[in-house]
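See structure below.
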Amino acid sequence: MSSILPFTPPVVKRLLGWKKSAGGSGGAGGGEQNGQEEKWCEKAVKSLVKKLKKTGRLDELEKAITTQNCNTKCVTIPSTCSEIWGLSTPNTIDQWDTTGLYSFSEQTRSLDGRLQVSHRKGLPHVIYCRLWRWPDLHSHHELKAIENCEYAFNLKKDEVCVNPYHYQRVETPVLPPVLVPRHTEILTELPPLDDYTHSIPENTNFPAGIEPQSNYIPETPPPGYISEDGETSDQQLNQSMDTGSPAELSPTTLSPVNHSLDLQPVTYSEPAFWCSIAYYELNQRVGETFHASQPSLTVDGFTDPSNSERFCLGLLSNVNRNATVEMTRRHIGRGVRLYYIGGEVFAECLSDSAIFVQSPNCNQRYGWHPATVCKIPPGCNLKIFNNQGFAALLAQSVNQGFEAVYQLTRMCTIRMSFVKGWGAEYRRQTVTSTPCWIELHLNGPLQWLDKVLTQMGSPSVRCSSMS
């Protein structure tokens, strides 16, 4: 490898030799971009080597990388080490690497806990896991520490382990098939959905039991366990609300099925685009639908061209746009980052203004009214959908009949407004009264529902305007 910088120490060259390349890309095409990436990687490794030389942990890092052994020791750096790099703070969105964004609460720390190397920031363990193990890594949500890691990121210690072999990739749990009675009737009329569009939804603030991004966001648990956003907080929520949770349901322990029926397994399959996003201003749809293929994407207010990981609203035009909408659009800023990791969907507020989310799946988990709107403050993160919880509800609903399954269609739609909220506590009482909002359709669950409904056939009792 040719020297990119004036001098590259031998240990840096050795460590860079173990760098994983993304999809084996290289050669012609994108040469300038690849060159910039190589230069950035070299700077990131140099910065780490310089720090580890002071603590004597450099040999352990090299041992872990060359042997690819998880039984090596922790390789730690200060968890608030932004000051180490001594580089300027980026001024524009193009200079930021928001992947794995992480912010400490202003009350607890003044530094944001991320490393900054040549105008790009990221969580230290994410940076080096991406460098030496998984080039396609998007977020810390995709990682969980091994059991014997004493300084894992989630432990929130003063030192954080950056040994890439002390972390594992979170696997997406396999959802069990739903057993549906074989049906031959052709569906000719769908029952009406419960419609909360024109009712005034309740409001709630960011759940007290869910810690903001300044604290540990739990790792996605192994298959078979439906996670919540904090063990103690869930207990408090369940005690105070005294309501059932999808986490308590299991497709294998629901009410018994009549096995004399001819049951057909209907399996879940992952679509090419996990969600579709439509943007609205007041009650008017603006622009084309965005189809999300990547597990991490941002919806922001900037004017850069959209790509597979970014839906930019700034370029969208609307001849009917009024002054309120214009002002709101200016405050969207960095917007929201959406993650689809391990069968769970997270929404993280990157904007300086709050976002407001209406997620029936999330509301059901906490025992709230299905139409409740939750305010997510800047720097905070909320799980807004859980595939395993949805699978349990679907299996239960099949036993309750066609209409119960069809009602789950609403759970697959999530509405989210920027800057301005709506509901009983706000001047705007419907989402179509908010200046700027988006609607997410979760394609995997929707397609699963469609297959189940097709298998079930038509409802036993026709629903009409007279019923």
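Yeah, the Cβs are placed from backbone N, Cα and C, and that goes for glycine too.
Feature list (source: Swiss-Prot):
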- Cys74, Cys149, Cys161, His166: Zn(2+) binding site (BINDING)
- 207-217: compositional bias 'Polar residues' (COMPBIAS)
- 233-243: compositional bias 'Polar residues' (COMPBIAS)
- Ser2: N-acetylserine (MOD_RES)
- Thr8: phosphothreonine (MOD_RES)
- Lys19: N6-acetyllysine (MOD_RES)
- Ser240: phosphoserine (MOD_RES)
- Ser245: phosphoserine (MOD_RES)
- Ser250: phosphoserine (MOD_RES)
- Ser255: phosphoserine (MOD_RES)
- Ser458: phosphoserine (MOD_RES)
- Ser460: phosphoserine (MOD_RES)
- Ser464: phosphoserine (MOD_RES)
- Ser465: phosphoserine (MOD_RES)
- Ser467: phosphoserine (MOD_RES)
- 207-251: region 'Disordered' (REGION)
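Annotated features taken from Swiss-Prot, shown on the structure.
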residue	record	Cβ contacts under 8 Å, 6 or more apart
Thr8	phosphothreonine	Leu16, Glu42, Lys46
Lys19	N6-acetyllysine	Cys41, Leu131, Trp132
Cys74	Zn(2+) binding site	Glu60, Cys149, Glu150, Tyr151, Cys161, Asn163, His166
Which state, by DSSP, holds Thr8 (phosphothreonine): helix, strand or coil?
coil
Neighbours of Cys74, Cys149, Cys161, His166 excl. site residues, C-beta within 8 Å of centre, Zn(2+):
Lys73, Val75, Thr76, Ala145, Ile146, Asn148, Glu150, Tyr151, Ala152, Val162, Asn163, Tyr167
Quick check: in three-state DSSP terms, what is Cys74 (Zn(2+) binding site)?
coil
Quick one: among the binding-site residues Cys149, Cys161, which has the most Cβ atoms sitting within 10 Å of its own Cβ?
Cys161
